[in-house]
Amino acid sequence: MAVKTYNAGVKEYRETYWDPNYTPADTDLLAVFKITPQPGVPREEAAAAVAAESSTGTWTTVWTDLLTDLDYYKGRAYRIEDVPGQDEQFYAFIAYPIDLFEEGSVVNVFTSLVGNVFGFKAVRGLRLEDVRFPLAYVMTCGGPPHGIQVERDIMNKYGRPLLGCTIKPKLGLSAKNYGRAVYECLRGGLDFTKDDENVNSQPFMRWRQRFDFVMEAIEKAEAETGERKGHYLNVTAPTPEEMYKRAEYAKEIGAPIIMHDFITGGFCANTGLANWCRNNGMLLHIHRAMHAVMDRNPNHGIHFRVFTKMLRLSGGDHLHTGTVVGKLEGDRQATLGWIDLLRERSIKEDRSRGIFFDQEWGAMPGVFAVASGGIHVWHMPALLSIFGDDAVFQFGGGTLGHPWGNAAGAAANRVALEACVEARNEGRQLEKEGKEILTEAAKSSPELKAAMETWKEIKFEFDTVDKLDVAHR
């Protein structure tokens with residue numbers, strides 16, 4: 001056995017953390033970063049610096065390295081690839097031994113991968129593009145409280161996407177008027193209504209009063225329609241104790257689903273709430289408020305596909321994913337990629353959709369993809385074509401903005417959805433025949449006809465800021 005010796009001083013990171021001959025183990029956590037190095041910093045040195053700072057390294061040699069098996073615990077930069085069309089950037093692939101991370105802790109994984117390293121002077125820009133979680137680590141995480149199939153069984157809804165609506169205006173309504181809007185939307189044909197991300201417990205509408213009026217609306221709509229209904233009661237709160245207090249009250253009054261803002265609320269709170277929901281039979285809707293602060297810049301931050309994986313591990317039955325066709329950012333191919341990462345059990349590397357690694361989820365349940373943001377009845381054919389059945393389509397303004405009121409807006413969306421599902425089941429091409437399908441359905445639905453007339457000119461044709469880098473080995 002070789003004798004370890006300590007030589008004080010500073011040495012280049014690549015001497016220890018660059019290992020192009022390394023073959024990743026099945027149990028390694030793999031990450032790919034898009035790096036923009038400072039001028040004059042070699043690619044291998046920049047990649048090794050990221051591997052060091054996100055694992056065992058520091059800026060100088062330390063004698064305590066001799067007290068551990070550094071060769072086992074260190075992260076290894078093992079491959080570098082060009083970013084298509086970007087001479088100053090490259091992809092760095094890094095392997096981390098699984099023992100660097102606390103079991104079942106998304107918090108700990110994020111603290112390592114995107115902690116101090118993002119302020120490193122050796123790089124001008126750093127973006128975490130994708131992560132491969134080994135199955136051995138996936139199995140230590142709780143994941144979604146219930147998942148897609150259990151939710152369908154709870155809500156008794158099969159063979160189609162679910163329909164929702166975010167109540168607007170998002171702020172300022174009294175609890176009673178808020179409950180009235182919920183009732184009208186649910187009675188009109190929606191499956192769910194929703195608190196917006198910043199509806200918590202403000203002076204104009206305290207949380208307990210909102211919960212009570214909303215539950216009254218749900219029970220009334222269920223009695224009149226014979227369908228199971230729900231409303232995402234946002235339990236995000238200033239403290240974990242207050243969050244659980246609100247969750248317990250939602251359970252007490254019979255609500256089927258609650259909601260959490262998982263980024264602003266934090267992964268620690270989210271994982272705890274997901275565990276509580278699993279133990280108490282409550283569904284959990286997840287909003288991604290604040291995500292674009294970190295994922296929209298193509299040169300620095302965290303890609304949203306990483307957030308989808310982190311959320312699936314931390315726990316949630318629904319996650320907002322963008323719409324492709326609405327008002328929010330979302331490249332079509334990249335969106336299709338992270339939808340699969342949320343819902344499927346096994347996903348293969350597919351650079352055309354931005355997926356850098358194979359990902360196995362084992363028996364972990366899937367998550368409903370939620371399409372929300374600037375959508376209306378004209379988008380229904382494209383939404384069904386893009387998302388398929390295991391999704392929630394949430395029309396906020398596209399319901400409440402109907403010229404005849406909330407119930408009519410809900411009815412228009414329900415008719416449009418059922419017409420598109422029937423057409424798809426008959427083998428028709430939704431995105432090519434969408435106008436014809438909706439026009440035919442509107443002949444027997446004045447609510448749909450009015451909605452189509454109202455929003456016939458509304459489009460959101462802005463170019464995507466975060467374009468997909470199509471890279472091949």
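Any Cβ shown, glycine's included, is placed from N, Cα and C.
What Swiss-Prot says about this protein:
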ACT_SITE  Lys168  active site, proton acceptor
ACT_SITE  His287  active site, proton acceptor
BINDING   Asn116, Thr166, Lys170, Arg288, His320, Ser372  substrate binding site
BINDING   Lys194, Asp196, Glu197  Mg(2+) binding site
MOD_RES   Lys194  N6-carboxylysine
SITE      Lys327  site 'Transition state stabilizer'
Recorded positions compared (Lys168, Lys170, Lys194, His320) - highest count of Cβ atoms within 10 Å: Lys194
Cα-to-Cα gap, His320 (substrate binding site) vs Lys168 (active site, proton acceptor), nearest whole Å: 18
Cα-proximity to Glu197 (Mg(2+) binding site), 10 Å cut-off, over recorded positions Asn116, Lys168, Ser372: none
Cα-nearest neighbour of Arg288 (substrate binding site) within the listed recorded positions, Lys168, Lys194, Asp196: Asp196
Winner by Cβ contact number (other Cβ atoms within 10 Å) across the recorded positions His287, Arg288: His287
Sorted by sequence, non-Lys194, Asp196, Glu197 residues with Cβ within 8 Å of centre, Mg(2+): Thr166, Ile167, Lys170, Asp195, Asn198, Val199, Tyr232, Asn234, Met259, His287
Lys168 (active site, proton acceptor) and Asp196 (Mg(2+) binding site), distance between Cα atoms, whole Å: 8
Inter-residue Cα distance where the pair is His287 (active site, proton acceptor) and Lys194 (Mg(2+) binding site), in Å: 10
Neighbour count (Cβ, 10 Å) for Thr166 (substrate binding site): 24
Candidate with the highest Cβ count within 10 Å, taken from the binding-site residues Asn116, Ser372: Ser372
